[in-house]
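Right, one structure below, let's go through it.
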Amino acid sequence: MGEEGMENDSKNAGSAKGNSVRAGGGPLLSLLGFLIFPFFWSIPEALVTAELATFFPANGGYVLWISSAFGPFWGFQEGFWRWFSGVMDNALYPVLFLDYLKHSFPILDNTIARIPALLGITLSLTYLNYRGLHIVGFSAILLACFSLLPFAVMAVISIPRIRPRRWLVVDYGKVEWRGYFNSLFWNLNYWDNASTLAGEVENPSRTFPRALLGAVVLVVCSYLVPLLVGTGAVETDSGEWSAGYFAQIGMLIGGSWLKWWIQAASALSNMGMFEAEMSSDAYQLGISKYGTPTFSILCSASGVIFLSWMSFQEILEFLNFLYAVGMLLEFAAFIKLRIKRPDLHRPYKIPLETFGATILCLPPVSLLILVMCLASPKTYLVSGAVIILGFALYPALIHAKNQKWIDFSTDVTLRSSDDDLEGHPMVSEEHQADTDEASHRLLSDLPSSTTSHASHISPMEAGKLE
């Protein structure tokens, strides 16, 4: 759970928060967004994640949810879309890392220095993921503390300079609604990513609800406090807010020492987000000797290097669209599992009946549809190509498996005769200890005509690409 908290907490130092001020035409809409959006989006997503992640306490997360509700085809599509969205998201962080450093080291703005720096950062962080989650989790916690501390210091020393009237500034003529909603959506999402590591969490039925609730509160505070300070203590123009601007705010409030501290924290926070995103995306294809998915990590790293040459806004909009498509499927799976199998034991259950749970999902679903409707034609084209690729890839992998070109070995099979939904088993209470050791992969949902259960491969089987 440390990686998930790191991914959201350290975004407080990222450029997307500054982008919300610029896109919102001033501080007011940005502050209102980070104050209101969590109730319409973050909290419902975190609650649904807590219920389903404890229902399926195993690596694989949302792939298992969708497979159990709609079958392995849609489980595969969900995993593919979300993995691709995650790769796009990860491509942002090496770029942002260099963008922060170039303010102090202008040479990083030159292609001859930027390319090797980009490759070096990506490969180094990828190796940390390869070596195991214990390294990623420990480094994530340290980076989170280091990233948040300078903003706390800045908040304290800026109190005498804060003028509340500055928070009310908004120029509706400068508001860019597409950028505004995409920025807020990106900063406040990805709560379900923690579910893909559920098998690595001790006592997930107790840990997930508490960790997600605490993370939501911490994340909202880590956004609002720096924004209240940055916009209330200094008179600024919304057009000035961009990557690295908080370092300039720190300079005006505390001097050069605070500027350098914020700049270093902002740069390193992107390293933490890279690690957290890759680790949550990677547990879908295969496992290395360190207990990490080597094949998926290599695929993610390759995608990151390729996508890093695109602009920040383009990547942000692409990944938000694919993420929204996947989340619509997740909310649908949540409601279907509530309706079809209300009798199954859920270690954590949202304290609402099925009708109330459905109403809970309406605001986030509306936001997902809004984000998709605001997308540019280029985003529709790219996202449509990815979706079509996923549809074509599924039967292609089935054929490759049947021809024995690709082999998927089964490490663990968890079944319960009482907990079976349309051929897709659930995790019963008696199996929760075993599922903490299970490995669940995106490709494990592929059916095979050569197996005894040809029409439905259990989503609770672990597929390891050999």
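Every residue gets a Cβ built from N, Cα and C, even glycine.
Some features that TrEMBL has for this protein:
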- 1-20: region 'Disordered' (REGION)
- 20-40: transmembrane segment (TRANSMEM)
- 52-74: transmembrane segment (TRANSMEM)
- 80-100: transmembrane segment (TRANSMEM)
- 112-130: transmembrane segment (TRANSMEM)
- 136-157: transmembrane segment (TRANSMEM)
- 211-233: transmembrane segment (TRANSMEM)
- 245-269: transmembrane segment (TRANSMEM)
- 290-312: transmembrane segment (TRANSMEM)
- 318-335: transmembrane segment (TRANSMEM)
- 355-374: transmembrane segment (TRANSMEM)
- 380-398: transmembrane segment (TRANSMEM)
- 419-466: region 'Disordered' (REGION)
- 427-443: compositional bias 'Basic and acidic residues' (COMPBIAS)
- 446-455: compositional bias 'Polar residues' (COMPBIAS)
Inset, instruction - Run the contact check on the transmembrane segment (20-40) against the transmembrane segment (112-130): 3 or more C-beta pairs under 8 Å, excluding pairs closer than 6 in sequence. - result: no
Inset, instruction - Could you check if the transmembrane segment (80-100) is in contact with the transmembrane segment (318-335), meaning 3+ Cβ pairs under 8 Å among residue pairs at least 6 apart in sequence? - result: yes
Legend entry - Stretch-level contact, the transmembrane segment (52-74) and the transmembrane segment (318-335), CB cutoff 8 A, at least 3 pairs: yes
Legend entry - Residue numbers, six or more beyond the limits of the transmembrane segment (355-374), whose CB comes under 8 Å of its CB atoms: 37, 39-41, 44-45, 47-48, 177-178, 181-182, 185, 320-321, 324-325, 327-328, 331, 334-335, 338
